[in-house]
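According to Swiss-Prot, the features are:
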type     : residues : note
ACT_SITE : 80       : active site
ACT_SITE : 143      : active site
ACT_SITE : 167      : active site
């Protein structure tokens with residue numbers, strides 16, 4: 001039976017919760033499309049987050065890995081296309097670290113692309129009434145750090161897994177503390193993650209559908 005590892009983060013930047021972990025942990029132990037779902041929390045800390053993820057990858061040997069993170073200000077589930085090899089933190093992480101213009105992996109590739117069927121996921125999410133889009137940037141904070149670290153590990157540690165990253169909006173309770181910022185209900189995010197998992201397990205190839213942006 002396939003194993004799907006889904007990760008979320010602990011809260012950061014003085015938020016009381018992180019919607020990624022609140023949604024992800026709901027799926028732990030469930031069976032989706034014939035696969036076992038395993039969920040784990042990652043620390044919002046440069047370096048340590050990748051080390052924790054690496055240990056999980058080596059012990060679980062999952063078939064699919066979907067990392068999920070909070071993106072306050074976004075209004076949709078953002079299915080990330082690419083991870084870039086740079087840390088450039090606008091704020092400090094949960095350990096007080098704030099790397100600037102630093103390679104995640106010295107001498108590593110400039111970028112890695114998601115191996116999830118990102119456009120098919122967006123298509124299925126929209127069909128189910130969940131706002132979603134392909135995102136062209138995962139930022140340069142710990143989310144991109146983990147996304148890059150995940151894809152680098154898959155490429156270099158002999159893992160036969162597909163992987164990628166999904167950003168999600170604030171929860172409504174969080175958005176109440178950030179007037180004017182969009183949010184997405186917990187149940188909608190959980191349903192969206194189930195769709196993303198199901199679509200990934202069902203499709204080995206992505207669909208051809210416009211998902212780019214002009215700027």
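The chain as shown is numbered from 1 upward.
Glycine is no exception: its Cβ is also placed from the backbone N, Cα and C atoms.
Its Cβ placed at the centre, residue 167 (active site) has 24 other Cβ atoms within 10 Å. For residue 80 (active site), applying a Cβ distance below 8 Å and a minimum sequence separation of six or more within one chain yields 114, 118, 135, 137, 138, 147, 164, 165, 166, 167. Under the three-state DSSP scheme, residue 80 (active site) falls in the strand class.
Using a 10 Å Cβ-Cβ cutoff, residue 143 (active site) registers 25 neighbours.
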